[in-house]
Each structure stands twice: as structure tokens, then as C-alpha cells.
Amino acid sequence: MFPQRLDSPLAYDIAKAMMDGFNRHYRLFRTESARAKHRFETADWHGQQRAQRERIEFYDLRVKEATTRLEKEFKAGEQPMDVWQQVKLHYIGLLVDHHQPELAETFFNSVTTKILHRTHFHNDFIFVRPAVSTEYIENDEPGALPTYRSYYPTRETLGETVERIITNFQLQRAFDDLPRDAGYVVQAMSARLVQVKLRANFQIQVLSSLFFRNKGAYVVGKIINGFNEVPFALPILHNKAGALIIDACLFGEDDMQGLFSFARAYFMVDMEIPSAYVQFLRSLMPRKPRNELYNALGLAKQGKTLFYRDFLYHTKHSSDKFRIAPGIKGMVMLVFDLPSFPYVFKVIKDWYPPPKDTTREQIKGKYLLVKQHDRVGRMADTLEYSEVAFARDRFEDELIEEIRKFAPSQLEISDRDGDGQEEVIIKHLYIERRMIPLNIYLQEAFDAGRTSEADSAAAGNARDQIEAAVIEYGNAIKDLVAANIFPGDMLWKNFGVTRNGKVVFYDYDEIEYITDCNFRQVPKARNEEDEMSGEVWYKVGPHDVFPETFGPFLLGNDAVRDVFMKHHADLLEASFWQQHKERIQAGYVHDVFPYERNKRFVRKVAQAVA
Ligand SMILES: Nc1ncnc2c1ncn2[C@@H]1O[C@H](COP(=O)(O)OP(=O)(O)OP(=O)(O)O)[C@@H](O)[C@H]1O
């Protein structure tokens, strides 16, 4: 029951201190994000990567600070429930004109769950749903940046408008040739506007802050004409001489999904009203869940909160059962899913058969490494949860047995919340996007090829599917290598295929930095006995890797082998890996293109000239 009267003077002070804690958090988060512009202008790529990594830690640090302050100044943990309920009411009052109310509510939840024992309070106490709306929030202060700007070009003034869009960002570094690049953009846009009547509302809307990540800055907006809206993004990069160029013009939902993919690092964006950014981005990608957009903007805790709300909502509106995930079972991870829900749940097992030689802490360390590293579109992001409760009757018995057998320390079955229903409580798990495991994907193509031999079109399709997947697989490994990641275990089953046919890695327990590995050739056999021996007869150090030995594990199938050797034979040579290692050690920061290379203006122009 909520209090009728606000009669505790302490309650307001606690609410205010909590809000101060959040405001400090968002101020620091925003300042760090805003600094990305300067780092981009000065080509401080190492600084950009470091900031991207360090910003992830900000939230937990601020929650810790706020918790300590509330304990110290107000003995918050000892206050009775009616005081805490008043705290919440005051807090809601403070949220009314706030510009990040949804984030501040999540911060309230994080701090209170730390201070009060999780079982101490019920759901009516924390913010299970948003209490304050995020619709139509505006910053009315004079000089405040609007969330987006609108431009009203005609066909004739499109070029000037594109230039104005760019110059409005006031980048403090010269463009190589802005009118030329604006011309490319106009060409690309015009191709979409041929034979289209421009309506009264024809306009271009552009988010007011640039999106920074790695070596790129992205303009994000949409073209509106009549009832049509076309999302677009303009990547701005440094050319070899260090001048700025617009590298491409990305259009449509698929290109935007690629840019904002869950397999990429988070953007740095200077935002006063993040919910307004999310709303705008959602209009560009209506099928992307809001939680993934918050994640992409670096607001991971909000992403996690929203994901969990979506998940609870989904379980209430479905009746299927959690099951062991299809595919080859993991040796260190126990993976399950709910068929109707596009994510998988991963639990670290209690023990691992040889040759796995690792620990729970080491595995967590590897997952953390991936979270903090640039995922270059090739490693799935994970959400980490503890003490997750599921309804027991939604679990297949076989899955319960599997968890009991391999991860008993992670399993509790009880009626913890006392509602008369048994729950399965998993102590710690990771959640990530479900993909089609690459081994299953290839197998489906092999099967289709076999059964359709008489039908040459279908057989051709199956061949194309194998070829595309194998090429993508090699590209995925090469992107990881450029980003200083050695995947460790490169078997097909450790990669998944996304909705757009991208191949993404998801098995992190054997990941190493390329710069920590020692890539070697297998030494020449000393004698016949060595040669005939099935055993490894030479000395192998703990970080030694022998790329030429990958072949037998990967290339058993002839169709796969042919494609692999045509496109990626270099992956089987120690020199390929070693060269990349040396480049990274020399301080080179690779370019990551979250779009296909053939979309780059430089390529297009070169092709046109040729
Ligand atoms: N994101 C995902 N989408 C779909 N299936 C997945 C996903 N992640 C894992 N799986 C399935 O679960 C299996 C085990 O997952 P994972 O490779 O992460 O476990 P592991 O124990 O680290 O594996 P290994 O024994 O190779 O070390 C995979 O082979 C795959 O079939």
C-alpha cells in the first residue's frame, strides 16, 4: 500500500541524494560521449577505443557511490518500509520534469536492490514499469540543441542542403572536398527520388548529434516525402591524408540494422534526451527492440531493464516450453532457449571435460573481454543476469535434468516469492540473440543439395548457400583478427548466421588477443618416425598456435574445402596471422566498415571510371 501522507523528512533527503547520484552519472556519461567528437577530430583512435571500454564501467561505479552515500548519511538500509515507500513517491516527483526519467528510474532500482535485500521488497516498490512518460520531452532552455533538425530542400538545392547538414555539426577538421562528397550523396539520394513526385512535406530530418564509434562518425536521419520515410546514414571517415570524407550513403532498414547491430561496439552520442533519440531511431528500424537501441547508445543498463520487461511480457503471452537449444551441446556452456523467443540463455557448467582447462571466473573474464572489446560486427553482445526466476511448468523436464547434471550449483527450484507456484531460479546466465548455428546452416544446404540433384536450380541454390556461408565465415575470422581477437575454437558450430546472412562468433571461452598468441609453422619432421607418428612430437608452448593444423578440423567436406581454399587459404598460414599481430603491435588501428565495401563512394567512383 502506498503512503497517504509524506511525513518522513528523511525520505525526501534520500530521494534527493539518489537523484543527485543519477544526475552525476548521466553528466559523466554524457561528457565522455561528447568528447568522442574531439577524439574523432584529432584522430585519437586509441583514446576512442579506451573511452568506449571505460564508459561501460561508469554505471556500476556510480551505483556503488550512491549506495555508499545513502548508507553513510542516512543509514538507508535500516529505514523501515514506509520510509522507503515515501522515498519512491518523492523520487517520482523529482522525475516529472527530468530529461532522462527512464534511466533515473532504472538507477533507483539498481541502488535500492543493492541497499535492501532483494527478497525484502515486492514488485510494487521498485519501478517494474515506467512511472513517468518519456513522450514529448523537450529541452526548452535557450540555446539547447533540438533532438533533430529538419531541412526543406528542393531537387535543385539538395546539394547545398547536404553540405549544410554536414557543416551544422561544426567538425573541427577540414573535409577533403565536401562539395564533391555532397554530390555523391545527392546522386545516391536522387536515384531514390527519380520519378517520384516531391510532396509538400518533402524534408530531411537529421539527429542533432553525430554517432561516433571507432574511426567513424555517422550522420543519422531520414528523408520524408508524402507517406514515405527512408532512413539513411552518412559515415564520415578520415582519408589516408587525414582529411574528412563522406564514405558512403546507407539507406533503408537493413543498412541501419547493420550499423546498429548487436554484434558491434556501442556508439558515443551526446544526448540530452536519450528517449527521444530512441524514438527517432525506432522510426528508422521499427522491428528493432528498444532494448537493443538503448544498448547501441551505450545505455546498457536501460537495455537490460527493457529486455527483461519484454521477456516477462513475452512469457505471459506464450505457452511453449524452455528446451535444450538445438545444435551440438557445448562443453562449458549449457544453452537453452524458448522456441517462440529469439534469444538463447547460457549457463556456465560446473565442470568441463578435457581438453577444456578453464574455470568459471576465467570464462566470465572472457565474456567481459568481449563486452568491452570492439565486436566489429562479428561477436554477439551478451546480457548478463543473476538470480533469474522462470516458471517451473514452462521448463521441459529434460532441460531441468540437464541443468541438474551439469550446473547443479546454478539451479534452485523453489517457491521463492511465495505465490504457490514453483520457480526455476538460475543463479547466473548470459542471454544473447539466437542465430542459426553455422554447422546446422551448412548441413541444411548439404541436405538440400543432395535431395535436389535432379532439380538443377535448387542444387545451385544450395551450392550458393554453402559458398556464401564459407566466404562469410572466413571474412568473420579476418575481421576478428584485424580487431586483435583470436577466436580459439574456430569450428563451424561456434559461429551463427544472422537474419541478414552475416556470420557471427559466439563461443568465447577460448578467445585470446592475437598479440598474446605465438603463431608458428609446424617444424619439419626430424625423421620418419616423427612423420608417421600420430602424436605431436614437437614442443608446444601454452600460447603457440599452428594455423596449418586447422584444415583437418574444418575442411572435411569437399564443397566447403574448395570454396575455403579459393578465398581464405591464407588463414592456414602462420605468416598471415603473424603479420596482423605485428601490425597491431605497431599501433595500427584497423578500419571497421559496418556496411558492404561496394557501398563506399571511392569504390563506386573507381568502378565508374574503369
Ligand atoms: N547465439 C546462439 N544462437 C543459437 N544457438 C546457439 C547460440 N549460442 C550457442 N548456441 C548453441 O549452443 C551450443 C553451445 O554453445 P557455445 O559454443 O557457446 O558453448 P561452449 O560450451 O563454449 O562450446 P565449446 O564446447 O565449443 O567450447 C552451440 O554449439 C550452439 O548449438
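Any Cβ shown, glycine's included, is placed from N, Cα and C.
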Same-site ATP binder from Lys316, Lys346, given that TrEMBL records Ala325, Pro326, Gly327, Ile328, Lys329, Gly330, Met331: Lys346
Asp381 (active site) and Met331 (ATP binding site), distance between Cα atoms, whole Å: 20
Recorded ATP binding residues, Ala325, Pro326, Gly327, Ile328, Lys329, Gly330, Met331, Lys346 - maximal Cα separation rounded to whole Å: 14
Distance [Cα-Cα, Å, rounded] between Gly330 (ATP binding site) and Asp381 (active site): 18
Integer Å distance between the CA atoms belonging to Lys346 (ATP binding site) and Asp381 (active site): 13
Site of maximum Cβ density within 10 Å, from binding-site residues Lys329, Lys346: Lys346
Per-region confidence, the domain 'Isocitrate dehydrogenase kinase/phosphatase (AceK) regulatory' (15-319) (mean pLDDT, whole number): 94
Surrounding CB atoms that lie within 10 Å of the CB of Ala325 (ATP binding site), all protein chains: 21
